[in-house]
Amino acid sequence: MDYYYEYEDLDNSKDNDINSEEDYEYSGYLTAESLKDICFACAVPSTIQIGRYIIVVLSCSLMYHLLRSSLENAWPSKESLHHLSSMVCGFLALYLSLSYDWLIVLLLCLLAYTLILVISYYQSPYEGMGVAIFTIVVQLACEYFMTHVEWQKVRGVQMVAAMKTISFAFDFGSKETGERSTAKLPDLLSYLGYIFCPTTCMLGPWMPYSIYNQKQRISLKDSRWLLWILTNVTLAVVSLNLSNCFIPWLRSDDLLWVRLYLDAFAVRCSHYFISFLSQATVVIGGVPSQKPDYFLGYKITQPLNIEFPRSLHSLVRFWNIPMHQWLKKYIFRKLQIAYGSYFISLLFTYVISALLHGFHTKVHLVLLSLAGFTYIENNLRSTLAHVYDSCLEVNDCNKTCVYKHCPRRKRWSSDALLVRFINFMFSNLAILNLAYLGVMMSESMMSKSAYAIQARSDREQQVSGAVALTRSDSANNYRIWGPKVLCSMLPEDFLECNKPIDHKDNKTAKEEKGYGCLKFGGLNYEDVEHTKVLCTVFSDIDCHGPRTFLRDGVPCIRYSEHYFLTTLLYSLLLGFLGMDRFCLGQTGTAVGKLLTLGGVGVWWVVDIILLLTNRLTPEDGSNWNPYV
């Protein structure tokens with residue numbers, strides 16, 4: 001969160017002595033922002049920043065809808081064109097949002113489809129299970145070997161692709177009876193069109209192949225789709241600003257339970273942002289819905305049932321409706337048929353859901369806690385409902401309720417009021433658990449607090465430094481509230497700075513000079529050294545203080561003639577000849593790769609994965625040239 005400083009009006013003070021201590025006392029380094037400040041300093045920039053992403057996602061989905069509708073009208077029998085349009089639009093959306101990082105997802109999908117073909121060839125009844133295990137293991141391996149920043153970029157896309165791949169394998173593999181499915185396995189183009197459909201590949205939701213391949217779609221002539229899109233996008237932006245701006249502004253450190261609830265509510269608002277935006281992409285992509293909502297169309301989440309749940313079971317069900325359906329159909333029911341135990345099926349369903357989220361300890365704790373809580377709650381309320389013949393189960397009663405004491409039939413009787421009160425207490429217990437689980441889910445809660453403290457400390461040190469400079473610079477009569485800015489605080493656009501000095505691992509030279517770099521480059525931010533460089537202010541810029549100074553915090557990074565896209569193309573097309581390693585300057589290993597023809601293909605594939613995961617880099621330690 002951005003903070004602002006409120007200086008005293010020293011011009012109106014009675015004593016303007018520059019050396020007076022009272023002149024440099026602030027009314028508070030950080031002051032509470034007003035609602036107007038939050039709107040202009042946080043909400044507006046956040047909306048503008050996310051606007052580009054929303055435009056890209058919606059535009060690609062609309063383009064896919066128009067292109068597919070045109071192809072279906074022109075060549076209704078050419079299904080390959082429909083799948084091709086889906087794949088191309090999906091690739092475009094991923095490239096515009098993630099650059100080339102999404103290619104690792106494409107590679108994993110190709111490996112998964114190869115496994116599906118192999119298992120299908122041998123007619124194994126364990127096709128769905130085998131593909132599920134392979135997909136989850138490979139996803140966890142990628143997360144383990146890739147850097148955290150790289151994996152976070154593609155984690156959501158890969159999770160949706162994994163769910164689609166597993167459902168694809170089950171639908172065209174063995175049935176619940178163990179027999180092979182009679183449906184013909186779709187070709188690679190159909191599979192890629194399904195996985196990378198632009199309406200679902202970025203944000204979800206999961207949808208079965210049958211719905212993706214359904215020809216009956218929402219027509220653009222239907223006036224409701226525009227209302228659905230505007231409503232969903234508006235709710236998405238509101239949820240984002242609530243999570244990032246307004247809820248942290250309302251957060252108070254004095255009231256513990258209020259703070260915990262607001263922290264959890266901020267996490268849920270970020271989920272609502274993704275869900276509403278996903279609903280907008282599904283609507284604009286023309287995906288049909290059996291029971292469309294009047295204002296929202298296709299529903300992925302139901303915030304009211306989450307904020308005011310009847311039970312934890314209903315909370316889990318309405319958190320992400322398509323994912324709940326996926327887990328129930330492909331995991332829970334399969335396990336229940338295999339083991340016949342409700343508890344084991346429920347536990348393993350949550351375990352698989354946790355593994356799909358990757359190596360995320362807090363998510364694992366939340367999901368396993370939910371497994372225990374929902375199992376206990378379901379058994380307890382089911383027992384109470386049968387003992388007292390009352391409508392107390394985790395699901396709300398319908399019109400054909402079989403219980404004697406049902407609030408639907410006797411709204412204001414004493415028995416009905418007691419049942420309502422007990423359900424209300426269970427609902428409050430679910431809300432309390434929701435706050436607890438939300439705090440656990442907030443992986444950045446502590447980091448955000450630490451960042452805020454660090455930001456506050458940095459601002460205070462910066463202001464304190466300015467104050468100290470003002471006090472020591474009384475001869476020049478510099479005032480921090482005056483019109484001139486310190487030269488050392490000017491942005492880089494107004495400076496001409498030297499390149500970082502390369503000491504080539506010579507610590508003695510660096511100690512004598514006082515600054516410079518021992519090494520250049522690094523995969524992660526924390527691996528990159530930072531140093532000081534000599535900067536000079538442009539002659540036409542007016543500022544206060546020395547015009548030549550040392551600026552700290554400059555990263556030790558240099559670029560050479562190494563381009564990632566060029567190297568990737570060499571690796572894909574001529575990798576078996578070692579051309580990718582020749583380009584990177586790794587002559588020795590390149591010759592070995594050439595003589596073995598890419599290690600009989602194995603080395604070729606391994607280097608492609610290493611290149612996509614940023615484990616294969618230029619030999620001279622330089623970073624990829626970004627200007628291409």
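Every residue gets a Cβ built from N, Cα and C, even glycine.
Sequence annotations record features per position, and here TrEMBL assigns transmembrane segment to 50-67, 102-122, 129-146, 191-213, 225-250, 270-289, 337-359, 417-439, 563-579, 591-612. The domain 'TM2' feature in TrEMBL is assigned to 561-609.
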Whether the transmembrane segment (129-146) meets the transmembrane segment (337-359): three or more C-beta pairs under 8 angstroms: yes
Counts by DSSP class (helix H/G/I, strand E/B, coil) across the domain 'TM2' (561-609): 40 helix, 0 strand, 9 coil
For the transmembrane segment (191-213), distant same-chain residues with Cβ under 8 A (at least six beyond the ends): 57, 60-61, 63-65, 79, 82-87, 89-94, 97, 106, 109, 113, 156-157, 160-161, 163-165, 167-168, 171, 274, 277-278, 281-282, 284-288, 300, 320-323, 325-326
Positions on the same chain near the transmembrane segment (417-439), where near means CB under 8 A and six or more residues out: 257, 260-261, 263-265, 267-268, 306-312, 315, 366, 369-370, 373, 377, 381, 384, 390-392, 405-407, 445
Distant-in-sequence neighbours of the transmembrane segment (50-67), which means Cβ under 8 A and at least six residues beyond its ends: 85-86, 89-90, 92-93, 96-97, 197-199, 202-203, 217, 220, 229, 233, 236-237, 240, 277, 280-281, 284-286
